[in-house]
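Each remark here refers to the structure printed beneath this line.
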């Protein structure tokens, strides 16, 4: 009797489990294949100016080559190639005569080498917007490059050189698009600004910040800001076979710390039990071994995966459409790669270590510099508290060299700027899915937070996996086709921005 009862209970439990499992699978599949996505149905305006003549294609390629040949390198906040920066200002005046002579455009130089343009629109009731790019580039030691990094050499359909992807492509693209539109007699309805900073790679304090101060003094407010950032990624996101456009709606914050240990000096023949180097090495080792907490789901990164859920291959599409269940698993998977780990947490990077001058002298001081890139859900103070609690050694002194909190998350639902950007991406890049993302690096746009709540970071280029490492790396390059599309993007964006409304959202469902 007892055995029979237990068998009956066991059968009931098994049946309940199987029913629950079937229900769970049904819920997962229904959400996966019917999850609605809010999209806006744009009607492409065929009357817009978009096509480029063969002569214009050659002009824009030569314009970029010439820009690359000017080595506008930012070495540090104290050292820039100011001769090259001055030369670059002269160069763009020569290459874009319509931009610098049009009665619609006001131009001024700020901070010595940065450029601010105002393009006057016909409708003063429309809030202006801002296009940003930067003139300066990071250093490019010629060793291991296939071509000299400042040659602007063309090879196999690609233009090589430092700045072809970051960010002279956008500088030339913006100015060239405006030049072509002016030649065609185009007069914008909505006013807009163009800001070209000269020190983005070293903080933007003398360039972009001066532009912001100028606009604030005039009481300017902006509908949106578009700066460099994410891109159309082709084969970069594992599990998605089609190109995907990611628009940065925020960027991580940053804290740079000096960790210092001071001890008595001595001779290596009579070493103490602990030295400044040993104490500091133990401290930075604790920081590396104890990563900052995984913050997946507390910032906009989850939004990105949900937006793209229907684009993932099976079975990843089920996981992405059901993050209410699978987010703990996904967050652990994302930790496994440095590129995706940077999305889910504040990263810790030991960048400089200084100690000692002689092999037989125990140094009194050891210093390490550590850079943290802050997840959007954390603040500078929270990170400093975690660092203190992780090191747990009063002999290690902390000093903040520079810091700023993560940028506010810009809207991607009812924002005019986001949907103009989305529309332009669809027009130019043949309709890839568009999703919000997080910029793990920093841009000049961070200085503009008091002028608008809509800041977007998107570079209008298609990047394959092998292209990503070229940015700030070896053999940076861009194809001639890509630079043509980039110019067409800005031409289209300027014209699309003349609207004063956006279409209502429609629910795009993927039915079983």
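The backbone N, Cα and C atoms fix where each Cβ goes, and this holds for glycine too.
With 201, 472 listed by Swiss-Prot as binding Zn(2+) 1, the candidate from 156, 166, 258, 427 annotated for that site turns out to be 166.
For the Zn(2+) 2 site, Swiss-Prot records 134, 166, and the single candidate of 227, 234 listed with them is 227. Here is what falls inside 10 Å of the CA of residue 472 (Zn(2+) 1 binding site) among the recorded positions 81, 136, 166, 200, 227: 166.
If you count neighbouring Cβ atoms within 10 Å for each of the glycosylation sites 81, 450, the highest count belongs to 81. Around residue 200 (active site, proton acceptor), the same-chain residues at least 6 positions away in sequence with a Cβ under 8 Å from its Cβ are 74, 134, 136, 167, 207, 208, 443, 444. Sequence-ordered, the extra residues of this chain that approach the Zn(2+) 2 site, with Cβ no more than 8 Å from the Cβ center of 134, 166, 227, are 132, 133, 167, 170, 197, 200, 228, 443, 444, 459. Note on proximity: of the recorded positions 81, 201, 450, the one nearest residue 166 (Zn(2+) 2 binding site) is 201, by Cα distance. Take the CB of residue 166 (Zn(2+) 2 binding site) and look out to 10 A: across all protein chains shown you find 22 other CB atoms. A separation of roughly 14 Å, to the nearest angstrom, links the Cα atoms of residue 201 (Zn(2+) 1 binding site) and residue 227 (Zn(2+) 2 binding site).
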